[in-house]
Amino acid sequence: MSDNRRRRREEDDSDSENELPPSSPQQHFRGGMNPVSSPIGSPDMINPEGDDNEVDDVPDIDEVEEQMNEVDLMDDNMYEDYAADHNRDRYDPDQVDDREQQELSLSERRRIDAQLNERDRLLRNVAYIDDEDEEQEGAAQLDEMGLPVQRRRRRRQYEDLENSDDDLLSDMDIDPLREELTLESLSNVKANSYSEWITQPNVSRTIARELKSFLLEYTDETGRSVYGARIRTLGEMNSESLEVNYRHLAESKAILALFLAKCPEEMLKIFDLVAMEATELHYPDYARIHSEIHVRISDFPTIYSLRELRESNLSSLVRVTGVVTRRTGVFPQLKYVKFNCLKCGSILGPFFQDSNEEIRISFCTNCKSKGPFRVNGEKTVYRNYQRVTLQEAPGTVPPGRLPRHREVILLADLVDVSKPGEEVEVTGIYKNNYDGNLNAKNGFPVFATIIEANSIKRREGNTANEGEEGLDVFSWTEEEEREFRKISRDRGIIDKIISSMAPSIYGHRDIKTAVACSLFGGVPKNVNGKHSIRGDINVLLLGDPGTAKSQILKYVEKTAHRAVFATGQGASAVGLTASVRKDPITKEWTLEGGALVLADKGVCLIDEFDKMNDQDRTSIHEAMEQQSISISKAGIVTTLQARCSIIAAANPNGGRYNSTLPLAQNVSLTEPILSRFDILCVVRDLVDEEADERLATFVVDSHVRSHPENDEDREGEELKNNGESAIEQGEDEINEQLNARQRRLQRQRKKEEEISPIPQELLMKYIHYARTKIYPKLHQMDMDKVSRVYADLRRESISTGSFPITVRHLESILRIAESFAKMRLSEFVSSYDLDRAIKVVVDSFVDAQKVSVRRQLRRSFAIYTLGH
């Protein structure tokens, strides 16, 4: 039985050997013995367990062939493979790229990575384009070699892919995703939010392409490339900020402007990369100077006040204005941070450091340990970081409200752009960040809000001409500017402006003249860049109580473009100048500006000036003349600008002014501070029956005019009373009284029409326009006359000894003359302006004298004051 079985197996083996392909070479095996012809019943082939029914499978032909073709690599000649052979150990020069490779820039490296990723994606897509039916059908088919048909089909597809140079290579060079999305298709948002839509790869590439075309192709009316010139200027100055006008982007590509307003953080990242690429077209090696270019957005159309910011503005672009009140030092902030694992020494990162949260490493990717980790100071990238406090400008705070403030973060080259006291305009991203102290204070989760500045500019003069009409009560339009010029051509414009100062206050023409001169101001000068001369006019109002001094100060506060009100008792030296306090977060000393610093390029109003102590008053000496405040406290040595006019009101000693005593004995002010006031107005509450009657009539009429709805009732009541009295009296007498009253009213109305006050809103804009646009020059003036006046004033001052006259008063005459020229919107100071200025200074000097010499001085200086 076993012999028959063995014979049958031998026949099967011979049949399988004959079935080999005829082209197959004859198989040679070690020992000259064919394993197929070996006896099956040999001990090597018998089941070791002795089971006759189970035998080992016959070895596969391929496996046997592989075993027979093996080469012993560990023989005695193995070391000869490593011996040097100079004839063969040479590389083919055609196959070796030994050219020097330049270091790629960050933008070029990202572009190549994106191209390689896209190529790999296309290869994967083409390799698996068969549908399921074809795969199932191919899996069931075998070729004559026994290989699945599907594999051969895929192999052919790879071969076709390599051979289709014209189609595939062109697709790799030109990104097909860029061709799929156009600028119009970007508006069809296919995501839950703008942020998700922008971060999609095809959308971000399309946005980058359109932004690049905008920077390279946008032209002005003359056909000149706007941003090409700015990029060249950026390269010449080695700057890292490129200013982009938002209105230009909105006109050229509106959908991108919408994305920028809604998702500024994502858009600015793309914009910065595009700006770097555009800059490298002009300066290929610019990345060696600055690794990044920051796009600064300007002229954003919507301006918010700090109190108008709400949760709907979070993560969007906002534009706010305010005054910088506090500024921290400059700190290095982590941007891209790398860590060293102290156990295995590997470097982890880089990780992008966001301003909202701190990066924490949980474990090392190399050794899987949980630390400790240390920041790699050499490979970590830092950037400048600074925080400033922005407060609402004094003129924009609603009545009865406290000014709001916000923290603003300045990064990169924006640090130290502004100083405390400067009014700035910030365009940035309104963000929220976690504040543990705020949560503990409120007892429930809330977030603090900050503004991450994108651009910051100091506000200089008017901004309405840039397209912001109607946003500010002090801005003007072109039509209003023509109205200003028309008003300035009036011969009596100076008297009309003086009459328009505090029209609800009767009389005090000298005070109104001084206030008008202070509001318009003179022209600051810088002599050869070495010595600066102030152009602001300081005024001191000294007089009896109840003479409307505080009312005039309040009027100036509402009229001036920028005014800060302070009182003598409530203001200290640091409150007026500057203070140094410790920052609660960084524990460093920071600088905060006082009232004079906040009133920079405006007016500082100080009531109850006599109530200040001498130490506090001496602190403003430097601010009144040099218009700067020097600080040297807590290791901070700096100088702050205080370019403002000071209008102060004070009461005399004892409550009332004594005309029999000189000025120095009526007020407890020292000569150094008195000499710093350009105009001194002494107000006396004298008893004059006629003047008191006119004052009472004016006050009553003011109250009556404030209730216009009662005019008709009052007229009807008067007619009724007149009718009843006509019955009792004769008609002739009544008619005579009515005619006399009518003539008196006509004379009063005619006088009011001759000098009608300018509307307050128009006057505010007129003053601001004159301060920012008009800079009159001293040309063809009678300087000898000024010299004579100064000499006469000095002589009389020494003889009377009541009011000191210094060289500052000589400069005051010129400043006041320039202010009168500004009232006329004139480019030159005329002799008429000079005569008015001399009269103001002389009257100020004479009124400060005691009554015994006042009349004599008026006669002495009549030659300078008559006719004005």
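Any Cβ shown, glycine's included, is placed from N, Cα and C.
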Region 'Disordered' per Swiss-Prot, picked from 87-106, 607-626, is residues 87-106
The candidate from SER170, SER239, SER316 that Swiss-Prot records as phosphoserine is SER170
Looking at the candidate ranges 343-346, 675-678, 687-690, report the one that Swiss-Prot labels motif 'Arginine finger'. 675-678
If you check Swiss-Prot for phosphoserine, which of SER164, SER204, SER225, SER488 comes up? SER164
So what's near the zinc finger (341-367) in sequence-distant terms, Cβ-Cβ under 8 Å and 6+ beyond its ends? 333-335, 373-374, 376, 379-381, 409, 431, 433-434, 452
Check SER550 (ATP binding site) against DSSP and tell me helix, strand or coil, would you? helix
Counting across all protein chains shown, how many other Cβ atoms sit within 10 Å of the Cβ of LYS549 (ATP binding site)? 23
Where's the emptiest Cβ shell within 10 Å among the binding-site residues THR547, SER550? SER550
Counting other C-beta atoms within 10 angstroms, the emptiest spot among the binding-site residues GLY543, GLY546 is GLY546
Given the ATP site GLY543, ASP544, PRO545, GLY546, THR547, ALA548, LYS549, SER550, its other Cβ neighbours within 8 Å of the Cβ centroid, in chain order, are ALA649, ASN651, VAL683, ASP685
Quiz question: given the binding-site residues ASP544, PRO545, ALA548, which has the greatest number of C-beta atoms lying within 10 angstroms of its own C-beta? ALA548
In three-state terms from DSSP, label PRO545 (ATP binding site) for me. coil
